[in-house]
Amino acid sequence: MKHLVLASGNAGKLEELRAMLAGLPLRIVAQGELGVDDVPETGLTFVENALIKARHASAVTGLPALADDSGLIVDALDGAPGLYSARYAGSPTNALANNAKLLDAMRGVPAERRSARFYAVIVLLRHPEDPQPLIAEGSWEGTITTEPRGDGGFGYNPVFLDPVYGLTAAEMDSALKNRLSHRAVALATLQHKLHALSL
């Protein structure tokens, strides 16, 4: 079985990615298990940040690396929190504070203007200098609630409502969420390529 390092220190992302990749003939290893620290995300786009993370993890471990960079894009806030979703309310990352700041910023915004989407970019590098990284993107359309709902998931899940199911991401069971999410869409785009790679 081939090894693949997941370049993330976010426990919620790691759990989701591991579940989504479970059917592949790969041994998935979190970067923390290999002593790889998080690297500063200094890119100006989701793609740049994902490449930075994957390149760092691959360089330190010598293994192929998969990295995700994602965020919540809210139309009424001109795309915020966007690239800075994890640090929207400041550092260190605090999901409760981020959600509170978002709901405060959205106070008084009518229902028809509360559209948002989760967006993810997933990058696969076969080695640190890989000149042709595999890049896939995915999005999940929804709206922002007026108050948090649900106990599942992480991050902005309690305030992101899927209009088709009428549930927030935090109210969904993991099987449903892992089928609909922005990461699931991006991974589905990438998955068939993983089978053909010499990892």
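Quick reminder: no glycine exception, Cβ is built from N, Cα and C everywhere.
A strand conformation is recorded for SER70 (substrate binding site) in the three-state DSSP classification. Packing around SER70 (substrate binding site) is summarised by its Cβ count: 27 other Cβ atoms lie within 10 angstroms of its Cβ, all protein chains included. Positions annotated as substrate binding site by Swiss-Prot: SER8, GLY9, ASN10, ALA11, GLY12, LYS13, SER70, PHE154, GLY155, TYR156, ASN157, LYS177, HIS182, ARG183.
Less than 8 angstroms from the CB of ASP69 (active site, proton acceptor) sit GLU41, GLY43, PHE46, VAL47, ASN49, ALA50, LYS53, ALA120, VAL121, each of them six or more residues away in the same chain. The annotation active site, proton acceptor is assigned in Swiss-Prot to ASP69.
Here Swiss-Prot flags ASP69 as Mg(2+) binding site, drawing on sequence analysis.
The secondary structure of SER8 (substrate binding site), as reduced to three states from DSSP, is coil rather than helix or strand.
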